[in-house]
Amino acid sequence: MEGGEELFRVSSARLSSSNVWRNSAMDVFSRSSREADDEEALKWAALEKLPTYLRIRRGILTEEEGQSREVDITKLDLVERRNLLERLIKITDEDNEKFLLKLKERIDRVGLDLPTIEVRFEHLSVDAEARVGSRALPTVFNFTVNILEDFLNYLHILPNRKQPLPILHDVSGIIKPGRMTLLLGPPSSGKTTLLLALAGKLDKDLKVSGRVTYNGHDMNEFVAQRSSAYISQYDLHIGEMTVRETLAFSARCQGVGAKYEILAELSRREKEANIKPDPDVDIFMKAAWNEGQEANVVTDYTLKILGLEICADTIVGDEMVRGISGGQRKRLTTGEMMVGPARALFMDEISTGLDSSTTYQIVNSIRQSIHILQGTAVISLLQPAPETYDLFDDIILLSDGQIVYQGPRENVLEFFEYMGFICPERKGVADFLQEVTSRKDQEQYWARREESYKFITVREFSEAFQAFHIGRKLGDELAVPFDKSKSHPAALTTKRYGVSKKELLKACTAREYLLMKRNSFVYIFKMIQLTLMASITMTLFLPTEMHRNTTIDGAVFLGALFYALIMIMFNGFSELALSIMKLPSFYKHRDLLFFPPWAYALPTWILKIPITLVEVAIWVCMTYYVIGFEADVGRFFKQLLLLICVNQMASGLFRLMGALGRNIIVANTFGSFVLLTVLVMGGFVLSRDDVKKWWIWGYWISPMMYAQNAIAVNEFLGKSWAHVPPNSTSTETLGVSFLKSRGIFPDARWYWIGAGALIGYVFLFNFLFAVALAYLNPFGKPQAVLSEETVAERNASKRGEVIELSSLGKSSSEKGNDVRRSASSRSMSSRVGSITAADLSKRRGMILPFEPLSITFDDIRYAVDMPQEMKAQGFTEDRLELLRGVSGAFRPGVLTALMGVSGAGKTTLMDVLAGRKTGGYIDGTISISGYPKQQETFARIAGYCEQTDIHSPHVTVYESLQFSAWLRLPREVDTATRKMFIEEVMELIELIPLRDALVGLPGVNGLSTEQRKRLTVAVELVANPSIIFMDEPTSGLDARAAAIVMRTVRNTVDTGRTVVCTIHQPSIDIFDAFDELLLLKRGGEEIYVGPLGRQSSHLIKYFEGIDGVPKIKDGYNPATWMLEITSVAQEGALGNDFTELYKNSELYRRNKALIKELSVPASCSKDLYFPTKYSQSFFTQCMACFWKQHWSYWRNPPYTAVRIMFTFFIALMFGTIFWDLGSRRERQQDLLNAIGSMYIAVLFLGVQNATTVQPVIAIERTVFYRERAAGMYSAMPYAFGQVMIELPYLFLQTIIYGVIVYAMIGFEWTVAKFFWYLFFMYFTLLYFTLYGMMTVAVTPNQSIAAIISSAFYAVWNLFCGFIVPKTRMPVWWRWYYYICPISWTLYGLIASQFGDIQDRLDTNETVEQFIENFFDFKHDFVGYVALILVGISVLFLFIFAFSIKTFNFQKR
């Protein structure tokens, strides 16, 4: 082959018009250009001679020096790909379009058509079902009733009580190729549902009618998920992978679609027509359109156009590990689908968290690709800036599930003028469109002054659009069906996956291996934990203490073997959490058809086998000979093999539990339940002879039984157990008689039966894991919850009636007294000048007086210790300064914007002023109305709205406000006044319709982002503060929601409060609402501090007065212009230092004078003073915290109800398994069976309680940090509320378990024994729950808490006195027995039940003697044991409260 290529190079030379195509910068050669062209022509000629398959895999690559060489495109390295892209696209904004045009020109030259997709939807309706009103709240009662109701509905016994919730109503339209479509609409208008319907990804639970077609083909004729790409608004990624790896994996799974065939055809036609392409474009297309490449040039191209090159090799990160920023994560979500071959893109809110310039750049690059390569795109955006809005060709406006307008962007304002509405001059069209259909905002745009305004409903708009000329034209087009013969054969995909199954398996294997390397600390930690536990086990079962004389010696050996099984089995438990962590991104990839579920499941299993080998080898090598098991190398390896099988079986089982549970709390409960069943039925806790006939099937299917039998047979049929004990009446060896006494089969073949069964289980569990992944969907989808008011409002809207907003959510008596007021609302720019009746109505109710206060700060500096990474880069300073001498004054009734680019120090300045910083060095002076700031008093008069909206998820909106007002308003305010004030704030912030809505968790359920944001403002406002800080109150909101929040903020300022907002990229509207501006540049220095003026006139005048600064264009956003002209690049170009210019300006001198004036107290004023640190007494704080926790627990059935149900099922299971064993006292084994039931119940119920309480405490702790910083309460009342609420639930749990089990097992019915049983169970559950809380309180996050607590469970289990009785422990370990909480529980339970029984056993000793000799338990000591358990609970409670008070893991 090589020789042939040489021959072609020498023998044929063809001069070509390469200069037309060549980049002129390449002509810098050492030889003449002509010579180089000749040489290149030879290379091309050689390429032309190759067969097509090889020709499209080879290309001519030009190197940096200008030399060109022939390369195999599958072997391009990172540097070569980077250089190629650098030549094609040097500056993304300018060169991407040129590059795409070159690419299109090449395709057009040979007359090839690119595949295009036209998407039509006709009469599409989507309906869901929802519960209404209080029945929709997830209380323990509703949870139970709903389960029963759904079951009876399923059996058609009860009618369905859910109400229909229409999401989309009879929508029709056409999405054309080569055009960009913008989808707009207020929240809950059905945008996401429409995009999902178009992408063929609607949920199976929804009722869908109508049809969606691609090029005239119905969805069942092709694979929609691969022909189009849906980009979700949720950023679900694996945190341990880098940005480049995430994109490369996506590209590898999606393949290149039909591009390979197009490339082959293109190459064939070019060869026939004798056309030589541009070498760079040629090599790019070959590298991008060839299948089966691990690192594709498409990945690099996507990184470049999305501006992700800067973080390409940074890990994505998650809430635990710091990674890329929110904006970069959003772009990664977009890029993940753009690297694929899909020709239609449906993008859902891709701009959240991005600044307007980045959004513009991304949308522009998508637009270039759509226009030039004839793709299809529908993009929904939240707050598109005017310049981004102008990039689109078509607009779809949705409202209340109906299409109000669909057609060219140019005609949209014409339609609304035809309806009587005009967009004001300084208003973005997109913002206008989102507000004009809303009842609250519509009136301000009414233009027909001669006619009185009447609210126009969405249905009226929709009907009017059908009659409008654009609507008629659309109807005519839809009436003519698409001509299927015009559809390109490659446009729609019929193959389910992008590449071959083998390739997908390789891709998943490579990713799993990568994740294992990234998570190596987990495996190292597990090995260290195993080594530590092996060391403890070795020293506990030392050969000097281990004899082989009696069956009791055998029991200790069996205990050691059983513990080895438990340790190896529990070692697989981490698989459960690791599986669940990866599930969200797995479901996303599965639903997008990246890979079949088995390709994901197989590597997850196979790659863990080597780790199992190492872990088990550590355990067996350390313990086998030291403990003194049978000294036979064959038996050593047999134990090793068996434990490897056990570990693999356990890992498979826990992976399966993760895939079935799909949620960490549910999976933990499932996992515990299964583990419990497997262990109880394993033959150690309860011997085979004592298993009831109705449970014997459980014994035969328990994997632990096979493991227990095999490992026991391996040990007890060895030579050292082959002697007949002295005084024995039978001829059986000690080993055989011991096995028989414990109900184990004394047959050597049982080793191989056990090992075979375990291997069978390994395959079964992993197979079921793959099946669960394939068929189950994500757990706990966001549920639609409708309030009665929402239903009424929707129905009224449909009928065109107007319903009073302020009356929604009030009782009928209140409604009668309500002051009727117009729902109109002034636009924000006009509000500054005039106060309307509506505004007066808003002001009237601020019934609580407050003192207007100003805040001044002078020369504020803030520094932190220099990070190690920066020191490594050569920074020598000890401190990194984030704020450098910032000064300013914020006054009552003035709304100040705090602005600057990312990293300028906006939030830092706000945190410093509000006293929220937990570390660092602060200098400078801060005064409140002239008096030095004292943080304790300041917290009482200030509110701080954080950027992340942190609220307790299980309370309603009204309860959140009630709680805040209760704890933050002064004691003098009575309940009635407080309630009136809350109503007032709710009206001001437009929360009345949401009064009974559950807050929920962000992105999961409950309130939308915008509603959550308003709640954050309201929670601070009900505290009646004089000064309010708000950190980015409009980030992540659409224009309409941002307008509502800003209207709220403006209303707040108009009451005479001092309000400061950091703001990122405000629209003209939002910017106009501010009175003053403090502008920072990167590095924390001020550039402008002063008034904005009407339509930002003062700001514009100041900057336009600086030499070289370009004038602002008409209608351009002053905020965007200001950030552009003060950027680092502009500063460098102008040669100006804006900080210096400001410091030398008249404005600076005026500000300094103002600061000086406000820093002196007014003559009649006095300093702030409060007699107590908190506004409410300690008792009230405790009551309030308890009240909130009560609602939080009552509405958290996944925690409370599941725990009670789990206990109920375990009680029934134990009762039936250990039926009547408590009354049998003939043999030692009878007692051990009854004691085993106590041991296993204590261990599992306790661990279950401790595990499930951890996530609850972790979520509440973040809320606690916010509420404590706001001065609502101290740490002790919080700890009181958190612990007190557990007591009744634990009591219920104890009663359910205690009564059922005590009766069924048949313990002795005396009042004292029954009371002691309940007492010990109650305090055991209590200390376990407190232990779970304590571990969260002393660790930074829930994951570390889980790891630490699980390590202790293993040790507690070993030293509890059941596996090894205290009498058989070496002296040096007995101290641990005394500090192990479970040992005292077992002491109390066993001694209280059996410690005074005089019945004789078959060994001729009484039960009391056996208990004392074997366990060293005395009945007289029960009272002291009770006190010790109370003491343990108090100790854990104290550590929890102390840690919550002392440790603050929130770093600011």
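Heads up, the Cβ atoms here are built off N, Cα and C, so glycines get one too.
What Swiss-Prot records for 152-425 is domain 'ABC transporter 1', and it gives sequence analysis as the kind of evidence.
Look at Swiss-Prot and you will find 185-192, 900-907 tagged as ATP binding site, backed by sequence analysis. The number of other Cβ atoms within 10 Å of the Cβ belonging to GLY185 (ATP binding site), over all protein chains shown, comes to 24.
Annotation source Swiss-Prot lists domain 'ABC transmembrane type-2 1' at 504-716, citing sequence analysis.
Per Swiss-Prot, transmembrane segment is recorded for 521-541 (among others), and the stated evidence type is sequence analysis.
Annotation comment: Swiss-Prot describes 554-574 (among others) as transmembrane segment, evidence class sequence analysis.
Residues annotated as transmembrane segment in Swiss-Prot: 609-629 (among others).
Residues annotated as transmembrane segment in Swiss-Prot: 640-660 (among others).
The feature transmembrane segment is assigned by Swiss-Prot to 664-684 (among others), with sequence analysis given as support. Sequence-distant neighbours of the transmembrane segment (664-684) (same chain, 6+ residues past either end, Cβ-Cβ under 8 Å): 558, 562, 565-566, 569, 573, 576-577, 580, 653-654, 657-658, 691, 695, 698-699, 701-705, 707-709, 742-744, 779, 1198-1199, 1202-1203, 1206, 1209-1210, 1213-1214, 1217, 1236, 1240, 1244, 1247-1248, 1251-1252, 1255.
Sequence-distant contacts of the transmembrane segment (694-714) (same chain, at least 6 residues past either end, Cβ-Cβ under 8 Å): 558, 561-562, 564-565, 569, 630, 635, 638-639, 642-643, 645-646, 649, 653, 677-679, 681-684, 688, 739, 742, 744-748, 750-755, 757-758, 761, 1216-1217. Among the features that Swiss-Prot reports, transmembrane segment is placed at 694-714 (among others).
If you look up Swiss-Prot, you'll see 753-773 (among others) marked as transmembrane segment, on the strength of sequence analysis.
The annotation compositional bias 'Basic and acidic residues' is assigned in Swiss-Prot to 812-821.
Sequence annotations record features per position, and here Swiss-Prot assigns domain 'ABC transporter 2' to 855-1107 based on sequence analysis.
Residues annotated as domain 'ABC transmembrane type-2 2' in Swiss-Prot, with sequence analysis given as evidence: 1180-1394.
The feature transmembrane segment is assigned by Swiss-Prot to 1199-1219 (among others), with sequence analysis given as support.
Here the transmembrane segment (1239-1259) has Cβ contacts under 8 Å with residues 664-665, 668-669, 672, 675-676, 679-680, 685, 953, 1001, 1196, 1199, 1202-1203, 1206-1207, 1210, 1214, 1282, 1286, 1290, 1293, 1297, 1301, 1321, 1324-1325, 1327-1329, 1331-1333, 1335-1337, 1341-1342, 1345-1346, 1349, 1353, 1357, 1360, 1362, 1382, 1385-1386, 1389 of the same chain, all six or more residues outside its ends. What Swiss-Prot records for 1239-1259 (among others) is transmembrane segment.
Residues or ranges marked as transmembrane segment by Swiss-Prot: 1344-1364 (among others). Below 8 angstroms of C-beta separation, residues 525, 529, 533, 536-537, 540-541, 556, 559-560, 562-563, 566-567, 570, 573, 577, 1235-1236, 1239, 1243, 1247, 1250-1251, 1254, 1258, 1331-1332, 1335-1336, 1338, 1373, 1376-1377, 1380-1383, 1385-1387, 1415 of the same chain, each at least six residues beyond the ends of the transmembrane segment (1344-1364), sit close to that stretch.
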Remark   = A correct count of other C-beta atoms within 10 Å of the C-beta of LYS906 (ATP binding site) gives 24
Key: Neighbouring C-beta atoms (10 Å sphere around the C-beta of LYS191 (ATP binding site))   = 24
Key: Long-range environment of the transmembrane segment (521-541) - Cβ separation under 8 angstroms, sequence gap at least 6   = 556, 560, 563-564, 567, 571, 574, 578, 611, 614-615, 618-619, 622-623, 626-628, 1347, 1351, 1354-1355, 1358, 1364, 1369-1370, 1372-1373
Remark   = If you count CB pairs under 8 A between the domain 'ABC transmembrane type-2 2' (1180-1394) and each of 152-425, 504-716, 855-1107, the winner is 504-716
Message = For the transmembrane segment (753-773), give me same-chain residues lying six or more residues beyond its boundaries with a C-beta closer than 8 angstroms to one of its C-beta atoms, as numbers and ranges.
response = 586, 590, 597-598, 600-602, 604-605, 641-642, 645-646, 648-649, 652-653, 655-656, 659-660, 703, 706-707, 709-711, 713
Request  = Specify the count of other C-beta atoms within 10 Å of the C-beta of GLY900 (ATP binding site).
outcome  = 24
Inquiry  = Can you work out the mean pLDDT of the predicted model over the domain 'ABC transporter 1' (152-425)?
reply    = 90
